[in-house]
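Swiss-Prot annotations:
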| type | residues | note |
| --- | --- | --- |
| BINDING | ARG191, ALA192, GLY193, ARG194, THR311, ASN335, SER523, ARG584 | CoA binding site |
| BINDING | GLY387, GLU388, PRO389, ASP411, THR412, TRP413, TRP414, GLN415, THR416, ASP500, ARG515, ARG526 | ATP binding site |
| BINDING | VAL537, HIS539, ILE542 | Mg(2+) binding site |
| MOD_RES | LYS609 | N6-acetyllysine |
| SITE | ASP517 | site 'Hinge residue important for conformational flexibility' |
Amino acid sequence: MSQTHKHAIPANIADRCLINPEQYETKYKQSINDPDTFWGEQGKILDWITPYQKVKNTSFAPGNVSIKWYEDGTLNLAANCLDRHLQENGDRTAIIWEGDDTSQSKHISYRELHRDVCRFANTLLDLGIKKGDVVAIYMPMVPEAAVAMLACARIGAVHSVIFGGFSPEAVAGRIIDSSSRLVITADEGVRAGRSIPLKKNVDDALKNPNVTSVEHVIVLKRTGSDIDWQEGRDLWWRDLIEKASPEHQPEAMNAEDPLFILYTSGSTGKPKGVLHTTGGYLVYAATTFKYVFDYHPGDIYWCTADVGWVTGHSYLLYGPLACGATTLMFEGVPNWPTPARMCQVVDKHQVNILYTAPTAIRALMAEGDKAIEGTDRSSLRILGSVGEPINPEAWEWYWKKIGKEKCPVVDTWWQTETGGFMITPLPGAIELKAGSATRPFFGVQPALVDNEGHPQEGATEGNLVITDSWPGQARTLFGDHERFEQTYFSTFKNMYFSGDGARRDEDGYYWITGRVDDVLNVSGHRLGTAEIESALVAHPKIAEAAVVGIPHAIKGQAIYAYVTLNHGEEPSPELYAEVRNWVRKEIGPLATPDVLHWTDSLPKTRSGKIMRRILRKIAAGDTSNLGDTSTLADPGVVEKLLEEKQAIAMPS
C-alpha cells in the first residue's frame, strides 16, 4: 500500500531550501493549532492598503456556511503583482512568452507589463466597466490575456476566463450565468500549427437570444485572418490601448471583494461558477507558490497550464507575479512540432522550475528518448505535476528522464474550489514516493471518512474531506450559495467534501484514487458526466444516454457513452461520427466521446435509477465482480451489454 521506496531530499535542495523537515513539522502544527497567528503572519507576504485586524472568520455549519479571511483589510491584486516590484525590479522579466511557432518569443518586464495593464484598466473604465462588473475573457495563450485579467483586478471588475477550447454554446452559457458586460477575445488562437476561430465562436455565442448583457467585444489581432465585424459592438484592442493613459491608481478592494469567477464541471449538469475573492486567495496563491516550488529570486518558472483553468490563474500568473517571479507563458503544446519541444523550451529559456500535467508527461513518455533528444535540461531544479493523480511509472520517468534524477517532483493535489495547493510535498522537507501527493500544506486539515462520515484513523482509504477552512478556499458559487452548500458541505456535515477518494499509508502520505462522484478527469480537465449526457440526449435521434470514464494510457480517462436511439432509428458509422461531432459542438473538443456503445436499454433499478457502477465495470472490461444485480428491473440487460461490448473496438 505504501510503496516503500522513498526518494531522499537531494543535497543541492537541502542546502538552500526555504523549509526543512523540522520547520515543516513546527509550522504545520502551529498552522493547525493557531491558524489566526499563523495566517496573520503569512498575510504579510502581500502589501495591504488597510492592514487587517481580523484573520479567520469561517463556518462549515449546515445552513450557515460562511468563509471570510482578512475581512477588514483592503488591498489591490494588481498592485501586489506589479506596482510594488517596480522600484527594485522594474526591469526584471515578468513574462517570457514562447509562441506556438518556435521562432516567436518575447520578454516583458514588470515595468512594461505595468504600463500595459494601466492602459487597459483605463480602457475598461472608458467603456463604462466598473467595480463589480463581470468581464468574460476568451483568449489564446498570449500576454494580453494576462493584461486583461490584471486590468480587471486593478479596477475591481470580476473576470470570468473561459478556456479557448470551449464551444460557442459553452461560452454563451457562461456569459449568461455571469451576466458579463464585456467579452475580450482574439481573431484566432494558434495551437500546434492550427488556428482556433475564437472571434467566430464569440459571434456565434452572442447570437444566443438569452445573451442580453454584453455591450462590447474587444478583439486582439493575433493572426490577422478575416473575421466578421459588428460596427459599434466590436472594438480592436490596439486602437483602444494606443489612446489610453499609462497612469492608473489601483482601486482599494476589500479582502472579501470578488476577484474572479471560474466555471467548473459539476456532477449535476450545469457548470458551476466558482467564486474567489481577493485577499485570502492571493495570500494563499503567493504562499503556496513560494514554499511548494521552493522559489528563490531569479528563478525562471514555467507552468504549462492554460489561463482558462485555475492552474493558469493561481500558478501561471497570480502566485508567481505576487512573488516577483519570471513566469513563462507557452502558446503551444509540449510535443509539437517535435516530441522534444518541451525540453527545448526549458533549454532555450533556462527554466529552473517546470510545472506540467500527467497527460503531457505520459504523451512524452510514449515517445521514449525522442522527448529529450538533443536537450540538456541541466537548468531544472524542481519539477511539478498537476491536474490529476500521476501514476508511479510516469512519475519515475519524469524524475529520471526530464529531471535527470536530481529534481524533486512536487505532485500537487488541489482543485478549482481550493484556490491553491492542498496536499503536496515541500522539496526540502518531505521525502517523495512516486504517485503520492504526500502531506498537507500548512493550515490544511485533511481527513478520510467512510460513507457515513466517520473519520478513519491510521493507514486507510476513504472519502477525502477537509475539516477546516484555509485562505484560498472558494467563498460560494456565483449567484447560488445554496448549491455551494449542497455540493461541498451536505454530504458530510461540518466538512468540505472534495469529491475525491484517497488512501493514507503508514507514513501519513496521501494517495489520491480519483473522483468518487460523476465527474471525469480527461487530460487533467474536469468534465461532468451529466453535462455530456445532456448534450447527447439533445440530439434529435437519441432517446437516452449514460456516460462513464474508462482508464486511458495518455489522457488518464477516456469518455465512454452508452447511447439508446429513438424507436425506428438505426446505428450507422455516419451517425456515430455525427453524434461525436454533435457533442464536440455543444461542449467542446475535450468532451468528445471516445467510444459510443449503441444499446437498446440501460441497467436500471425498479425506481428508474441508472446503475452507473455496472456501466463503469462493463466499459472498463472488469466483469469479474459486477456486484448485486438483483435490484435491477431487468437483470438480463447486463448480459446483453456484455455481448455488445465484445464487438466494440476500444481506444488505445
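Placement of Cβ uses the backbone N, Cα and C atoms for every residue, glycine included.
The two recorded residues, THR311 (CoA binding site) and THR412 (ATP binding site), show a Cα separation of 11 Å.
ARG584 (CoA binding site) is surrounded by 16 other CB atoms, counting those within 10 A of its CB over all protein chains shown. In this structure, the binding-site residues ARG191, ARG194, ARG515 were compared by how many other Cβ atoms lie within 10 Å of their Cβ, and the smallest count belongs to ARG194.
In sequence order, ALA357, THR359, GLY387, ILE554, LYS555, GLY556, LEU590 are the residues near SER523 (CoA binding site), counting only same-chain partners six or more apart with C-beta under 8 A. Counting only same-chain residues six or more apart in sequence, the Cβ atoms lying under 8 angstroms from the Cβ of GLY193 (CoA binding site) belong to ASP100, TRP336, PRO337. The DSSP secondary structure for HIS539 (Mg(2+) binding site) is coil.
Within 10 Å of the C-beta atom of THR412 (ATP binding site) sit 25 other C-beta atoms, taking all shown protein chains into account.
Proximity to THR412 (ATP binding site), defined by a C-alpha to C-alpha distance within 10 angstroms, is shown by none of the recorded positions ARG191, ALA192, ASN335, ASP517, ARG584.
In the three-state DSSP scheme, THR311 (CoA binding site) is classed as helix.
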